[in-house]
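Here is the structure we will look at, set down as structure tokens.
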Amino acid sequence: MDRDGVIIDYIPYLSQPEQVKIPQCAGSTLKQWQDAGYLLILYTNQSGVGRGYFSLEDVEAVHRRVFHEYQKFGVFFHDLLLCPHHPSENCQCRKPSPYLLLEASRKYDIDIAQSFFIGDAPSDLECAIKAGCQPVLLLTGRGKSTVKQINKYSTKIAVFNQLYETLELIKNHKTLECSR
């Protein structure tokens, strides 16, 4: 899953730990995904490093804060896939390339076709489609802009307003649990 606009509130070029805000119900939602047997893996483009806006150490401090906040809910992220490059570098690790996602699927022996990629941007959807996993669009962060482009994809894309609604993908009932 993506980071900004999905598991934390979207702030362009977020670089300070104190800027991290966990969306309502996100902690309990990810705990339920985890308890259902899903590995939680983050995949984030952080071009602010490549652009010189902030350092890799700044990004690591933000991630420590994110992990600390989610640990309060008993949530553990199995991996963090990070591209720090400027978009013009044409690296293989920047979404929409599925390179790091496919590497993680091999590392953790994940059936990618039975996996979900939750994101808010076109690069997230394209990464999921290229990797062969199921794309999920949240209308948070950049999602409201992204949904306007959804018809260009031939793959079915699940769309949800908020992260907690994605529990419908793993639950057989409509009652969604939410605790802050």
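Even glycines carry a Cβ here, placed using N, Cα and C.
TrEMBL entries are annotated by machine, without manual review.
Between the candidates ASP111, ASP120, TrEMBL assigns the Mg(2+) site shared with ASP2, ASP4 to ASP120.
Mapped onto three states, the DSSP output places THR44 (site 'Stabilizes the phosphoryl group') in strand.
Residue density at CYS83 (Zn(2+) binding site): 22 other Cβ atoms are found within 10 A of its Cβ, drawing on all protein chains shown. For CYS91 (Zn(2+) binding site), the spatially nearest entry among the recorded positions ASP2, ASP4, THR44, ASP120 is THR44, judged by CA separation. Within 10 Å of ARG94 (site 'Contributes to substrate recognition'), counting CA to CA, the recorded positions ASP2, ASP4, THR44, ASP120 contribute THR44. Taking the Cα atom of each, ASP4 (Mg(2+) binding site) and THR44 (site 'Stabilizes the phosphoryl group') are about 8 angstrom apart. When the alpha carbons of THR44 (site 'Stabilizes the phosphoryl group') and HIS85 (Zn(2+) binding site) are compared, the span between them is 11 angstrom.
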